[in-house]
Amino acid sequence: MILNLIILLAISIVASASNIAAYWGQNAGGDQQTLGDYCSSSPASIIILSFLDGFPNLSLNFANQCSGTFSSGLAHCSQIGSDIKSCQQQGKTILLSLGGATGNYGFSSDSEAVQFAGTLWNKFGGGKDSERPFDDAIVDGFDFDIENKDQTGYAALATQLRKYFSTGTKSYYLSAAPQCPYPDESVGDLMSQVDLDFAFIQFYNNYCSLNQQFNWNSWSNYARGKSIKLYLGLPGSSSSAGSGFVGLSTVQRVVASIKGDSSFGGISIWDISSAENGGYLNQLHQALSGSGSPAAPSNSYQPNTPLTRTYGGSTATASAYISVGFTAGATHGSTTTNDLLAWIDSLFGSSQSSVQQYATPVQSVTATPQPVAATTTSAPKPTASAFNWFGWFDGTTTSTTLQTVYSTVPADQTVYVTLTTTVGSQMLQSLFDKRDVIAEAKSTNLQICWLLFIPLLALICS
């Protein structure tokens with residue numbers, strides 16, 4: 001009874017909602033360091049070794065981190081074994097993941113899977129074997145990252161492992177890494193038939209990622225009445241997954257919406273080598289702990305950001321997707337012909353107000369709806385309906401300031417705004433639309449007497 005209480009307490013500590021679980025071993029970031037380095041420097045409390053990618057005929061793959069072998073050809077990773085013990089001394093939980101997106105693995109029957117449970121226990125757990133890839137280091141459990149849609153034997157394997165765990169003197173854990181569509185096609189049976197401790201749900205490379213049809217509620221309903229903790233699985237960078245990488249502000253928003261769920265355990269990352277680059281892992285840790293402020297990538301903006309421009313003395317505001325080419329908080333100036341027009345007008349006895357009376361300010365500015373797929377082509381160059389006079393005259397400068405906003409689209413996507421400007425005149429009763437044109441109302445107010453000034457100007461210049 002006391003042992004069971006200790007195990008439950010250990011699980012509750014490991015499954016704290018501020019936890020980060022990180023996969024290590026496949027070098028997704030391109031500069032993978034040793035397991036010990038990440039245990040010492042990262043906030044991850046659970047690190048999953050990936051992968052045992054071949055079974056029942058054993059095969060291990062840790063990219064650039066293990067080159068030794070036994071005489072049988074099985075990988076012998078003494079440094080990883082030493083790091084496992086060091087990590088555990090620092091309070092880290094170390095799991096060994098079975099499967100992966102590629103590999104030669106699977107069972108022909110439940111009986112074969114039950115037999116393989118003994119192999120796992122003896123080579124990586126509390127059992128004994130002459131060839132232990134991590135020497136005397138003992139992992140804290142096993143993760144099922146099965147992705148080949150063959151579910152044969154995994155429930156039987158997990159059930160048998162639980163029996164071995166009960167004979168040990170420490171806490172052991174079982175986890176799964178399902179894709180976010182529910183139920184998962186590769187570990188759905190395992191998750192419905194066996195009590196697991198964690199689920200590192202892959203909310204990427206699918207339609208149910210955080211910035212699409214996020215389906216946390218489906219998984220929360222599955223976890224109801226169970227002791228399992230659900231992790232928000234994210235890619236560590238845009239290059240470590242085909243799709244689904246999101247900025248910190250999106251993560252903060254989602255975490256705020258689900259952190260009250262008793263089944264929420266934290267965030268899981270694929271993988272730690274990519275998430276360490278740029279400090280993303282530490283930012284996620286701050287998001288979970290509630291500290292820190294939203295990051296504002298300089299080349300990405302969220303939708304529905306107010307955009308205000310002033311035309312002919314009137315101001316129009318619209319909500320739009322802003323081109324990633326802008327910089328938050330920057331001021332962009334443009335030269336107008338207001339002073340020039342006023343000066344010419346005064347030569348003929350007209351006042352500024354007489355010019356202004358013909359100007360109908362912009363009536364509406366509308367934004368193009370969010371595109372289904374962000375464009376990656378160059379931004380269209382808008383044309384202007386007013387002359388800039390090559391800076392010869394002392395024109396006034398109007399400016400537009402974009403407020404600082406936070407990203408809800410991946411930084412590597414480019415989104416453009418299309419403004420529809422309606423310009424009217426008392427001399428033209430019908431209204432007309434112009435797309436991709438930012439027009440100044442002054443440009444519609446050219447009085448016929450000004451045409452006399454053009455030959456005079458040409459004569460002076462000659």
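From the backbone N, Cα and C atoms, a Cβ is placed for every residue, glycine too.
Remember, predicted model here, so these are calculated numbers, not experimental data.
Taken from Swiss-Prot, the feature signal peptide covers 1-17, and the record attributes it to sequence analysis.
Summarising the annotation, Swiss-Prot assigns domain 'GH18' to 18-291.
According to Swiss-Prot, the feature N-linked glycosylation site maps to N57. With a cut-off of 8 Å between CB atoms and residues at least 6 apart in sequence, the same chain places N104 near N57 (N-linked glycosylation site), listed in sequence order.
Long-range Cβ contacts of E147 (active site, proton donor) within its own chain (separation 6+, distance under 8 Å): G99, G100, A101, Q179, S186. Per Swiss-Prot, the feature active site, proton donor maps to E147; the stated evidence is sequence analysis.
Averaged over the domain 'GH18' (18-291), the predicted model has a pLDDT of 97. Secondary structure at N57 (N-linked glycosylation site), as computed by DSSP, is coil.
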